[in-house]
Amino acid sequence: MAIRHYWSMAAAAVGFRLVLVLFGGDLHLASRPEVSTPLTSIRRRSMYHGSPLLLSVLGPLTNKSLIFVAVDFIAAMLIRATGRKLQIARNRSLKSLDLTEAVSNSVNVSAGDIASLIYLWNPWAIVTCVGSCTSPVENLMVVIIIYGACSRLAPLAAFGYVMATHLSLYPAILIVPIILLLGYGPDTPPTKVFRLKNSNASKTDVSYDEKSSSSRDVRQFSWKPVLHFTLWLLFWSSYVLLLSSIILNKVGGLQEMFKKYFFAEVFDFFRSFFLIVFNMNIIFMVLPLAIRLKHRPCFLAFVYTGIVAMLKSYPSVGDSALYLGLLGLFANELAEMHFTFFLFFGYIGVSLLSPVMHNLWIWRGTGNANFYFATGLAYTCLQTVLVIESSILHLNSLNRGFLYWGLVGPGPSIPLPRYHY
């Protein structure tokens, strides 16, 4: 069910951005460390730090925020289209389990509309857009990855992946959900569900044709779109590296760019330690989560983006704006999330306290670094609670059958063991 007055609310969000950009004056958002970091600031970012192509394009422009307004709108529309793809895939999965009544009786609100409006009206997405940092472009590339993989458009997914890793190395872990999306599709019931369905059907009077049709519904992994993605990935990578080498020819070339790709401003004595912590700790979580959520690759991509926002070397509010927008894609499944009140007002409190603590530490001199560190620690704890709580609730919703069989009215149901997903 679509949201009423959706386009009015979307246009109001875009108009609000335009008002801030054109008539808001100098809000000094580009100097805020929560909004603009050394890796996302256009002013502080050099050609070496992963984005010579982006800087060469944005350099001649006078009002870059207008470009970012359009970028945010495109990202929101792609999130909306991704939500519709997920809904279609979900209905197809229900039909493959002979739960056609669940499709006809479903009155869920369009998750794609909710997700796109969350992204457009998120205050953090607005300040990153007005603050003239590269976070909106990075978020757009990640959304292009997810949309292209959900649509099985290998060229588009490969383009988004190459550009996202060109801007920042952290989206490289999205290769796992990309392969799962291309191979299985956006929503694939686990094989165990079909096995339980067949075993349940064998105990009743079911014809052989119905059993064979249900066995054909088991979706096998397809390597063809993955192969196409690999070929396009090589093509786009070669093209981007060629353009980057031409741009950086007079200032050291690609070799110097790769040396400074892993960028962190720390004391030299701790540099190796922090490089490992910032860039390797995320990799340790990739495989366990992929095993657990392999049949829900879009949700896996959301979890990965949330983990990156928590553990990257220079986090910003633009990272949180991305995964909160993706969280809206699963609004129907996470409707019973606990700690909603705590998380909502916790994010508001951190957003208000962070600039205050920074001002006390840097400008007034009445505080110290621990004041600002405490708000950062609280911010990370809130993100951790959100990602863990949403993952647990998502898995429990599958176990209780909220997605595949719990919406069915009177009729036979499939008993499922707990914690098997």
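Cβ atoms here come from the backbone N, Cα and C positions, even for glycine.
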Matching range for TrEMBL feature annotation, transmembrane segment, among 6-23, 168-185: 168-185
Stretch-level contact, the transmembrane segment (369-388) and the transmembrane segment (168-185), CB cutoff 8 A, at least 3 pairs: no
For the transmembrane segment (168-185), sequence-distant contacts whose Cβ falls under 8 Å of one of its Cβ atoms, 6 or more beyond its ends: 39, 50, 89, 138, 141-142, 145-146, 149-150, 152, 154, 157, 161, 219, 221-223, 225-226, 229, 261-262, 279, 282-283, 286, 290, 294-295, 297-298, 300-301, 304-305, 308, 312
